[in-house]
Amino acid sequence: MTNSNLRTENHFDYVKITLASPDRVMEWGQRTLPNGQVVGEVTKPETINYRTLKPEMDGLFCEKIFGPSKDWECHCGKYKRVRHRGIVCERCGVEVTESRVRRHRMGFIKLAAPVSHVWYLKGIPSYVAILLDMPLRDVEQIVYFNCYVVLDPGDHKDLKYKQLLTEDEWLEIEDEIYAEDSEIENEPVVGIGAEALKQLLEDLTLDEVAEQLREEIAGSKGQKRAKLIKRLRVIDNFIATNARPEWMVLDVIPVIPPDLRPMVQLDGGRFATSDLNDLYRRVINRNNRLARLQEILAPEIIVRNEKRMLQEAVDALIDNGRRGRTVVGANNRPLKSLSDIIEGKQGRFRQNLLGKRVDYSGRSVIVVGPKLKMHQCGLPKEMAIELFQPFVIHRLIRQNIVNNIKAAKKLIQRADDEVMQVLQEVIDGHPIMLNRAPTLHRLGIQAFEPKLVDGRAIQLHPLVCPAFNADFDGDQMAVHVPLAIEAQTEARMLMLASNNILSPATGEPIITPSQDMVLGAYYLTALQPDVQPVDFGDRSRTFSDLEDVIHAFEDKRLGLHDWVWVRFNGEVEDDDEREEPVSSETLSDGTRFEQWTYRRDRFDDDGALISRYILTTVGRVVMNHTIIDAVAAT
């Protein structure tokens, strides 16, 4: 015995969207109750009773079809409580179960006349027109009851299969057929509306048509060949998916679950409802009226007009505004159809399925973080404490700072120093991923080591901006925390910003300094024309090492473009092309001084270098010192 309420995991390889047959649509909505009654068909346009505020039976919110609106309670109230689980009430026919079944149980409307599916008729390209090899204008004339189409020419010599006839032309032919001297034995058959379209589609034998098209393609070229290939491709797709062309004409339309098109009561006693309910109501009203007209054998012109109105109602339900006048509600606002709910940026796919919010993620504005290393980013403490909360709670309990989760959460809310210390321990070595939409290539999401910062903005290293196509004029970025050890390892090994220096598209470096970085490097190393070099020996401008120069600059004893003499024993490259020094002096102890334009060297009597002072600017010392520190750090 299996419990139907248990969640079962179904593993599948892919989801395929294909045409649904009328039988499949009936299967979605039809259920057989234990007493043998078959439910699922929505026959009434009513939604809820205005006095009892309960759903109307066989209406758009029917509890018998879609399930109870209250957990474990039938419509009439005979059965209440969970102990009656699975029982179907004998009085009202409602199954006693959870109300959440109203989110997935469907119904259906059996149409009194077939209607064309507007996606396949008015889509680009029009699959109905391609399959029938007819102009779209002609197909529309048939569907919307403007022209007859010849389904069988019979013995009439002037008629051809699929030929269009106006009302007057058909009346003339009818007079001719039924004349006393008529020689036509096999009468021609014509049709109009979606019924005629369905007949034409049923007459198609896809395999034979595909074979015939392949033969025609072999002997044709140019525009005709392209048209034949287009038609063959559509037919091959129908064959591959085991779909029949006549399924593009609907005999049954599904009614989506009521909790996906809710009706809620507002404060003033009025109701707010989904637009779909209004669109379904129009379809049901027109369908019921058509069925009644057919029962009483109403004149053909009235029935035909009702069929056209039913076609327009179903068109509006599926895709409002695609053809004809847009159906509007209160305040002349167009009603949202099924297509509007699915498509676009705010549609179900892009808004709720592809772009859904996930746990362990955050979002904030980015600002420049020039003091960061390239593999680091500044993460606001407020965000970090929220993103890493489970890790912090675990560590607080493990270190016996608190005894339970509730106490840990209270401590975190107070943001004590020990919490911040634990947070720092947690984020050390735990990479986070930053993503900037739109993620157009793989470098649109990269991993960084977080550094806790004050404020509410994420700090980003300026060098990684080209990869994200980011700038600091209000751009926002999303933060994601990889949880599993495998995910953290992958993020560190493959996605760390410092490991993604080359563009995957071109192979050229994408980490290139630009804008203020280039300007800053230029300003730091530029020579000011109005600042004169100093002579060697000026004690205020002579320093024993690079650190002393930087200290003097930080103490504001020197400006960024001031000239200084600084001792430096490394290799020096300069633009001095002289072969001989400016001056040379040998002392009594054998040591020798050589004065060049930008350096002063001292050699012993064997010619070995004892010391070297170079003439440079404070900015160049800062630049050199920064590069040396960066290289040493790696």
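One is the number of the first residue shown, and numbering goes on along the chain from there.
Positions of Cβ are set from backbone N, Cα and C atoms, glycine also.
All protein chains shown were included, and the count of other CB atoms within 10 Å of the CB of Cys92 (Zn(2+) binding site) stands at 16. Marked as Zn(2+) binding site by Swiss-Prot on the basis of sequence analysis: Cys74, Cys76, Cys89, Cys92.
Swiss-Prot lists Asp471, Asp473, Asp475 with the feature Mg(2+) binding site. Under the three-state DSSP scheme, Asp471 (Mg(2+) binding site) falls in the coil class. The Cβ of Asp471 (Mg(2+) binding site) has 13 neighbouring Cβ atoms from other residues within 10 Å, across all protein chains displayed.
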Count the Cβ atoms, other than its own, that fall within 10 Å of the Cβ of Cys76 (Zn(2+) binding site), considering every protein chain shown.
14
Output the one of Asp473, Asp475 that, of all these binding-site residues, has the highest number of other Cβ atoms within 10 Å of its Cβ.
Asp475
So among the binding-site residues Cys74, Cys89, who's got the most Cβ atoms within 10 Å?
Cys74
Using C-alpha atoms, which one of the binding-site residues Cys74, Cys76, Cys89, Cys92 comes nearest to Asp471 (Mg(2+) binding site)?
Cys74
Quick one: Cα separation, Cys76 (Zn(2+) binding site) versus Asp473 (Mg(2+) binding site), in Å?
61
List the other residues in this chain whose Cβ sits within 8 Å of the Cβ centroid of the Mg(2+) site residues Asp471, Asp473, Asp475, in sequence order.
Ile366, Ala470, Phe472, Gly474
Other residues near the Zn(2+) site, CB within 8 A of the CB centroid of Cys74, Cys76, Cys89, Cys92?
Glu63, His75, Gly77, Lys78, Tyr79, Glu90, Arg91, Gly93, Val94
